Amino acid sequence: MEHGTGLIQAVIFEAADRNNIGGSAYGGQRSICCTPDLAKLEGCKQGEVIRIPSATEINWPMVLSIQFNGNDLSTQMNNAEVPIKKTGMHNLFFIACDPKLKGTVMSGKTVWKNPDGYLPGRMAPLMTFYVYMAIAYLLLSAIWFSQYMRFWEDILQLQHCIAAVIGLGLFEMILWYLDYSNFNKTGMRPFVTTAWVVTVGAIKKTLSRLLILSVSMGYGVVRPTLGGLTSKVLLIGATYFVASELLDITEHVGTINDVSGRARLFLGLPDAFLDAFLILWIFTSLSKTLEQLQAKRISVKLDIYRKFSNALAVAVIASVAWITYEIYFKATDPFNERWQSAWIITAFWDILSFALLCVICYLWAPSQSSQRYAYSEDVGEEFDDEEAQSLTRGQSNGDVSLVKQERKNGN
């Protein structure tokens, strides 16, 4: 067969050297394959990939050729090891310039290893990040559970839910670290291990959102139950869990590459829609709870809920701003050249979630006054500063019920 007939070439290059692949004749459209006109102008071989040697490394970009023999319908590429000496985002393309090879199917495996392990450069900082996040959750859980055990008899259902979210958060960060550490050492991501990680993460995200929704409705502080809304809350929670699980499994399990645009859009839209619906429901419920507390003039709870609404508003504004930045970041970096800072996109959401959880823990910390003031609806009665501190910090300053009884007797 003629040279170039049945030829497939593997091209390895850094994103910054992408202009060293291909050329254009007479200022026309750029072509990766050598055409008759380009063969005259560039001196390339017709039917092969155009490669312009790098100014710093003559053998770079690297091109490996695989040839079909005679009338064979299949061929095999020999194992090849390619040393990469320059830090950057590298790409591997398989290119067939022969139109007769259109529809060729390829199967195989590529293994990439960095000096510190198999973890891709854009993912490597996350392994360290998850260590710090696990430490942060550990500290939060130590503080929370010390109060939790101290005031065990006065714990509210809401505080049980907060404890569950803290525990799941710590478990999730540990699992992510173990998954990344195993991947870095072995170069593989076992399906079962990664599936467990994303499942725990989906459960934690779902419970976190339901916790915020329940708090906004006044559950555990203003009202003892969610009443007729319980089934609706559970339904939205189950739906969100399924949508989040499908998106995370597609994105993480069995792959280390970004999800293709259509797949991410298809699976990401339900997740985004449910998030928007939950935000709307949360703020609507929060507004009603604030109106109820203001009408009954329950100052301590009103102050707590105002602080919570301010924190929630800041979180939503930060989320919208970060989504805008994320879209800009990806739109202006089509070749992933800013890979060294790409890990921050993922890390931000974990930091924001943890910060909001800390606010909830601060505002609804366990105390001996939790049960006493859980559903009190004393109209027109203002609590003094010491009682407010007792409610929000767990500091006791005498028998408050006795103080309230003396006030009633005085009236």
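Including glycine, each Cβ sits where the backbone N, Cα and C put it.
Just so you know, TrEMBL annotations never went through curation; they're auto-generated.
If you look up TrEMBL, you'll see 125-371 marked as domain 'GOST seven transmembrane'. Residues or ranges marked as transmembrane segment in TrEMBL: 129-146, 158-178, 190-212, 224-243, 263-283, 304-323, 343-365.
Outside the transmembrane segment (343-365), and at least 6 residues removed from its termini, the chain residues within Cβ reach (under 8 Å) are 122-126, 129, 133, 136-137, 140, 143-144, 147, 156, 158-159, 162, 165-166, 169, 173, 205, 208, 211-212, 215, 220-221, 304, 307-308, 311-312, 315, 318-319, 322, 326, 329, 392-394.
Sequence-distant contacts of the transmembrane segment (190-212), counting only residues of its own chain at least 6 positions beyond either end whose CB sits under 8 Å from a CB of the stretch, comprise 161-162, 164-165, 168-169, 171-172, 175-176, 178-179, 182, 233, 236-237, 240-241, 244-245, 248-249, 252-254, 275, 278, 282, 312, 353, 356-357, 360. Each of 129-146, 224-243, 304-323 was scored by its Cβ pairs under 8 Å to the transmembrane segment (158-178), and the highest score goes to 129-146. For the transmembrane segment (129-146), the residues of the chain that approach it from at least six positions outside its boundaries are 162-163, 166-167, 169-170, 173-174, 176-177, 180, 343, 347, 350-351, 354, 357-358, 361, 365-366, judged by C-beta separation under 8 angstroms. Long-range contacts of the transmembrane segment (304-323) within the same chain, counting only residues at least 6 positions beyond its ends with a Cβ under 8 Å from a Cβ of the stretch, are 212, 215-216, 221, 279, 282-283, 286, 289-290, 293, 348-349, 352, 355-356, 359-360, 363-364, 392.
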